[in-house]
C-alpha cells in the first residue's frame with residue numbers, strides 16, 4: 001500500500017541528501033517509511049505487528065532480547081524481526097520535485113540529480129528585499145530595486161519546516177509587506193515636508209533681513225533712491241505673502257498626512273484582529289486533530305501566537321505614530337539679549353529657553369545661558385529633557401550629540417557650540433536619564449562657551465536678537 005504523503009526525508013542514501021526533505025512525484029510504499037519518525041531509511045526493521053522502523057527508532061525501543069512496538073505496544077522477539085537493506089540506486093532513481101518548486105521551478109528529475117540541479121541550473125532561488133522585505137527571485141532583485149519595489153514580487157513565501165499552508169503564509173507576508181511599504185512612503189513624504197519647511201523658514205529669514213536693510217536705506221536716502229527702495233519693499237512684501245500662503249499649504253498637507261496615518265492605524269488594527277482570529281481557527285483545528293492530550297500545549301502555543309500578533313500590531317502602530325517626530329533641527333530667535341546679559345552681570349547668571357519641541361523623538365527645551373566669570377559674561381548651550389509620548393521607544397540614557405549654531409543675520413556665518421553629553425553615573429541620573437512625571441535638571445555645556453563680547457563685536461547681535469539653530473545629531 002502506498003503512502004498518501006509525498007514529502008519525506010532520507011536516511012543513509014547520500015551524504016548530500018541526508019535528512020533533507022524530498023517531494024516525490026509517485027507514492028512511496030508504506031513498508032519503506034519509518035512508522036515513528038516518518039523518514040525513508042535505507043535499512044528497515046519490520047516487527048511482527050507489521051510496523052516498520054528506521055535504525056535509530058528501532059534501537060530506542062529494542063532490548064537485548066525483544067522489542068516493544070512504539071505504535072501499538074506489541075512485544076516480539078528480536079529473532080522474529082525482519083531487517084532489510086535496500087539499494088540506494090533504486091530509490092534515487094525516483095522522480096522528485098525541485099526544492100524551489102514553491103518559488104516557481106517546474107523541474108522534475110531523479111533524486112540523485114537534485115543537488116547538482118540546485119547548485120548549477122536552478123534559477124528560482126529567492127531572497128528578501130533589503131528595502132521592503134518582499135520575497136523576490138535572486139535573479140530579479142536588481143530589477144525589483146530599480147522599480148522601487150513594485151515589480152518581480154513573489155506572492156508566495158518558501159514553505160517552512162513545519163509545513164505551513166502556502167496560501168495562508170503568503171497572505172501574512174503580503175500584509176506585512178504592504179504595511180512596511182506604507183510606512184516607508186509616509187516617512188519619505190514627511191521627510192520631504194520637513195525639508196520644504198526648513199527651506200521656507202530660511203526664505204522667511206532672508207525676507208526679514210531684506211526688510212531691515214530696506215528700512216535702513218529709506219532712513220539714509222531720499223528721492224529716487226527712496227522710490228527704488230519702496231518698489232523693492234513692495235516686491236518683498238508680495239514675496240512674503242506668497243511664502244505665507246505656501247506655508248499654509250504645507251500645514252494642510254501635514255494635516256492630510258495625519259488623517260491618512262489615522263486611517264492606516266485603523267486598518268492595521270482590523271488586519272491584526274483578522275490575524276488573531278485566523279490563529280484561533282488554526283489552533284482549534286489542531287486541538288480537534290490531536291485530542292485532549294495536547295490541549296494544554298495547544299493552548300500555550302495559541303497564547304504565544306496571539307501575543308506575537310498583538311505585539312506586531314502595537315509595534316507597527318507605534319512606528320506610524322512616531323514617524324512625524326523624526327525632526328532633528330529647530331530654529332529660534334532669542335529676544336531681549338541686552339536684558340539677559342545685564343541680568344547675568346548683576347546676578348552672576350541668566351538664561352532663556354525655547355518652547356518644548358520633539359527632536360529625534362525626545363521632548364526637549366533648549367536655549368542659551370549667560371554666565372559671569374570675573375568681568376566676562378560667557379554664552380553656552382542650555383539643554384533640558386522632558387517626559388514625552390515616545391519615551392518607551394527611545395534609547396536611555398540620552399547620548400546623542402547636540403549642536404547649537406548662532407547665525408549671523410547678514411552674512412549667514414555660523415558659530416557652533418555644544419557637544420556630546422558627558423557620561424557619568426551622576427550625570428546620567430540627573431540630566432540624561434528618562435524623565436518620569438516631569439523634567440530632568442537643566443544641563444549647561446560650559447566646555448564650548450563663547451565670550452558674549454566677541455558675539456557682539458562680530459555682528460551676531462542685531463535688533464537685540466540672536467538667530468539660533470539647535471540640532472540633535474546621530
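Backbone N, Cα and C atoms are what each Cβ position is placed from, and that goes for glycine too.
What TrEMBL says about this one:
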{"type": "DOMAIN", "residues": "34-72", "note": "domain 'RING-type'"}
{"type": "DOMAIN", "residues": "327-472", "note": "domain 'MATH'"}
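DSSP labels the residues of the domain 'MATH' (327-472) in these numbers: 28 helix, 69 strand, 49 coil. Sorting the domain 'RING-type' (34-72) by DSSP state (H, G, I as helix; E, B as strand; all else coil) yields 7 helix, 12 strand, 20 coil. Here the domain 'RING-type' (34-72) has a mean pLDDT of 90 out of 100.
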